[in-house]
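What TrEMBL records for A:40-58, A:64-83, A:127-149, A:155-179, A:191-213, A:233-253, A:273-296, A:316-342, A:434-455, A:461-482 is transmembrane segment.
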Amino acid sequence: MSNKAETSQSGIDWEHGAQCAKNICDPQELERSIDWKQGLAIALGVPLLILPSIGYLTSYVWSFAIVIWGATVLLGFLQNFAFGELATVFPKASGLPGYTQTVFGSDKDKNNRGKFKFGKFIGGFSAWSYWFGWSPVLAIYAILISSYVQGMVPALAGINSTLMALVVGVFIFGSLAIINSKGLKNGAAAGMILAVISLIPLLVITIAPFFTGDFQMSNITSSWFPTDWSWDWEHILILLGLLAMAEWSAAAWETAAIYGPEYKKPNSDIPKALLVCGAICLVLYVLVQTSVIGALGVDGVLAEPISPMLPLANMALGPIGASISIVMLIGAMLLIIQTAFLSSARSIYSMSVEGNLPSVLSKLNKHGHPMNAMIADAGFNMCLILLGTPTAILAASAIGYICANGISLYTYVKVRNDPELSRLERPFKAPRGWKSVALATTILNTPFFLIGIIYLNSLELGWATTGVGFFMLCLFIPLWIYSQRENRNRMPAASAVHREHGIFEPELVPVEE
Amino acid sequence: MEIEDLIIANFAIAILASFLIYSATNPLPSGIPVLETLAIGGLCAYLFSNPNIL
């Protein structure tokens, strides 16, 4: 009996089954399973990235921190209009790392003709920098959660803090990996729950001082800058560094685009998710910093630089407010971990698909989820937890994020300049003249922000931090060389055809109303 | 100039500027023998491999 006849009688597709047994039917692409609201729910961790930096910015520029947050979110709008357009030109690409690798890594590019594929290296390096900008968030917040839990539960106070952080890390990374293993839909549901738990209390605590009378406008207007502030080159470098640090938080809502290959209607879902997330960030970043300084004053913030939301909650809501705010902070940190975990795992997946990292990392599970990339990411962060002191890694990771942002904006300029790429369909277009805006913002990122963040790191943590940052970025080189050899050894022609078709041929996406 | 060249140029500017800032804020400690050996050794190695430079 033929297989087809068997199929018709038993309802089982034996031919497909036989192919599956040979691993031919493994999912090759991420599943399109979310809409813009679900993408937004995952990206909603970004507004909470302000929490660890409230005191940090205030310590350098006092009330002017409000202006820095507002300016950085607006800078994010300038950048993310360009990324929104790229998202609709390349609906299969995973956010910033996807665009750079797609555009610079094309085999048609003349920079990729020799043995050393220069364009491909730049694309891969940008994606690696992006991953290094996001990934350490997991370890840093796992350590913070563990210290909060040890502070809350006296019975746990005696346990070694590194061991405790490792246990917390295993529990959180494991739980999130299991939740997300069945597809991004589950991740979005988890993100929504965490967003409600953390964002609503954050909003209540932020708005309450305006109604209780604790907010004093004079706390802001009387202390715009520190008394010894001057506009010399050292302070301008500090300001550039602060803007770079703020960009790591306040412009990170580009992460809504990283789920590009998983949106049901990428052409409309990605711009919507991006812009709504940006609007929420604009309101929250400015409002939170204004409320904290207005209610506590600069001295009050500097007295509690790590968690100024705690005294604010105490002041506005009484002692019960402090308990609420701790639960809120832990929820917020979980949400940030979830956002960062998904972003960094997709960066790894995207690099592997493009042949910039070993191919084992691009394997998807049966639900079309990049589990190998997630496991590798979790493993890397467990190693970071072992370091115990993540501050240097955090500052170093900001260097990676600035590099990724700069190169990604150059990608937009290249796409608009290139005669072939500029003809591709653009369902969402940034306003006229945006190429010049993107060029200006990219020069702002590299070299200006990069110089600023290096200088700020040297002031705050010494030059070792910069060394760690550059070491991590340079680690890409041996991995990339290994991956290139791996690519050459396995069906080079087939992989090239796969990549070219994936990039430049229009993808069949669902028809939008 | 191509975009790829611009990217490299911008990174080179950032790294060079950072080195300048580093040297302005942290003068090379002449008492560190490793740094001295590396600097003088590197210079000698370069001169020996390029004997016609002088």
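Keep in mind that glycine also has a Cβ here, set from the backbone N, Cα and C atoms.
TrEMBL entries are annotated by machine, without manual review.
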Residues of the parent chain within Cβ reach of the transmembrane segment (A:127-149), under 8 Å, 6 or more residues beyond its termini: 52, 95-98, 100-101, 156, 161, 164-165, 167-169, 172-173, 248, 255, 326, 329-330, 333-334, 336-337, 339-341, 343-344, 347-348, 350-351, 354, 356, 377-378, 380-382, 384-385, 388, 390, 393-394, 396-398, 400-404, 407-408, 472-473, 476, 479
Feature contact check the transmembrane segment (A:40-58) with the transmembrane segment (A:316-342), CB under 8 Å, 3 or more pairs: yes
Criterion met for the transmembrane segment (A:40-58) and the transmembrane segment (A:191-213) (at least three Cβ pairs under 8 Å): yes
When counting Cβ pairs under 8 Å to the transmembrane segment (A:233-253), the leader among A:64-83, A:155-179, A:191-213, A:461-482: A:64-83
Chain residues in Cβ proximity to the transmembrane segment (A:434-455) (below 8 Å; excluding those fewer than six residues from its ends, i.e. six or more beyond): 75, 78-79, 81-82, 85, 237-245, 247, 395, 398-399, 402-403, 405-407, 409-410, 412-413, 416-417, 466
Cβ pairs under 8 Å between the transmembrane segment (A:64-83) and the transmembrane segment (A:191-213), at least three: no
